[in-house]
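First up is the structure itself, then whatever we jot down about it.
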Amino acid sequence: MEKAENEKKPSAVSDVGAWAMNVTSSVGIIMANKQLMSSSGFGFSFATTLTGFHFALTALVGMVSNATGLSASKHVPLWELLWFSLVANISIAAMNFSLMLNSVGFYQISKLSMIPVVCVMEWVLHSKHYSREVKASVMVVVVGVGICTVTDVKVNAKGFICACTAVFSTSLQQISIGSLQKKYAIGSFELLSKTAPIQAISLLIFGPFVDYFLSGRFITTYKMTYGAILCILLSCALAVFCNISQYLCIGRFSATSFQVLGHMKTVCVLTLGWLIFDSEMTFKNIAGMVLAVVGMVIYSWAVELEKQRKTKVTPHGKHSMTEDEIRLIKEGIEHMDLKDMELGNNKA
């Protein structure tokens with residue numbers, strides 16, 4: 001019993017560490033990108049190409065890690081990596097187009113709709129079911145984040161199609177991270193180091209054209225400054241931690257948990273925007289954030305309750321033998337055979 005408790009403690013600590021890394025790096029990268037892209041900052045409006053830089057550095061870190069033996073490289077079929085990278089890149093491009101074509105309010109609603117979409121997709125693809133408590137807590141989080149982020153809501157046909165594409169592809173990408181890790185028994189960082197080079201190359205080739213369509217400017221026309229370069233490097237460094245922690249979190253938990261608890265980043269961004277960038281903080285924002293945090297706490301409790309119920313349903317009797325038990329039985333059989341031979345010789 002003590003051994004099980006000792007094993008559970010490090011696992012819980014590493015789970016919290018993975019979430020903390022994801023929230024910290026995600027909030028950090030949003031703040032860095034806000035400074036980099038805003039007109040009051042460096043005015044670097046090439047989001048898709050910047051994402052290509054992010055994955056290029058992530059791929060470089062992965063290659064160095066494999067070359068030095070810090071991580072092991074496992075085989076994953078190339079077609080699976082290409083398919084995953086295609087879905088991930090469509091997700092990035094569709095998100096950017098959705099933000100450009102839709103109002104901020106509708107963009108936030110489309111992001112919130114990812115939670116129920118992920119739930120439905122996990123049910124369809126993996127036959128995963130959710131308890132009433134989990135469903136109720138998800139609704140509380142969605143309503144809370146909706147209250148503090150959604151303002152004006154304007155919809156148009158092109159924007160709606162882009163938003164639907166973004167939601168579907170992002171949900172599929174996040175579910176695929178977990179399923180690929182389980183299917184090929186591959187670690188989160190090993191999988192990331194295999195997909196990052198493909199995403200980097202494709203985004204750096206096609207990203208500038210996507211950005212031109214979005215902003216009307218090619219990246220070659222942008223005048224780089226030392227401040228902008230430092231900000232890009234900071235954004236890329238934070239993206240490495242953000243990418244690693246995303247794969248870690250989804251590998252450890254589920255795409256649904258990642259979406260629900262991931263809205264803690266929204267709360268942190270709003271709070272830091274108020275503290276650092278002097279953004280307006282209304283009673284509506286505060287009420288929505290409080291409700292979202294309450295929903296996240298309820299969700300964590302509901303998931304734990306669901307685990308306890310499954311543990312009670314699972315019979316406690318052992319249906320399989322451990323390696324030590326098999327070894328002892330083998331030794332016992334060999335010992336019995338030896339005794340039988342000795343008895344046979346004595347009788348003779």
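Along the chain as shown, residues are numbered 1 onward.
In case you wondered, yes, glycine gets a Cβ from its N, Cα and C as well.
Since we're looking at a predicted model, the values are computed, not measured.
Positions annotated as domain 'Sugar phosphate transporter' by TrEMBL: 26-300.
Among the features that TrEMBL reports, transmembrane segment is placed at 44-64 (among others).
The annotation transmembrane segment is assigned in TrEMBL to 76-99 (among others). Nonlocal intrachain contacts for the transmembrane segment (76-99), taken as residues 6+ away from its ends with a CB within less than 8 angstroms of a stretch CB, comprise 47-48, 51, 107, 110, 159, 162-163, 165-166, 169-170, 172-173, 176, 180, 184, 186, 191, 194-195, 198-199, 202-203, 206, 210, 214.
Residues annotated as transmembrane segment in TrEMBL: 191-214 (among others).
As annotated by TrEMBL, transmembrane segment applies to 226-248 (among others).
Residues or ranges marked as transmembrane segment in TrEMBL: 283-302 (among others).
Panel annotation: around the transmembrane segment (226-248), residues 18-19, 21-22, 24-26, 28-29, 32-33, 35-36, 41-42, 44, 50-51, 53-58, 61, 177, 181, 188-189, 191-192, 196, 258 of the same chain, lying at least six beyond its termini, place a Cβ under 8 Å from a Cβ of the stretch.
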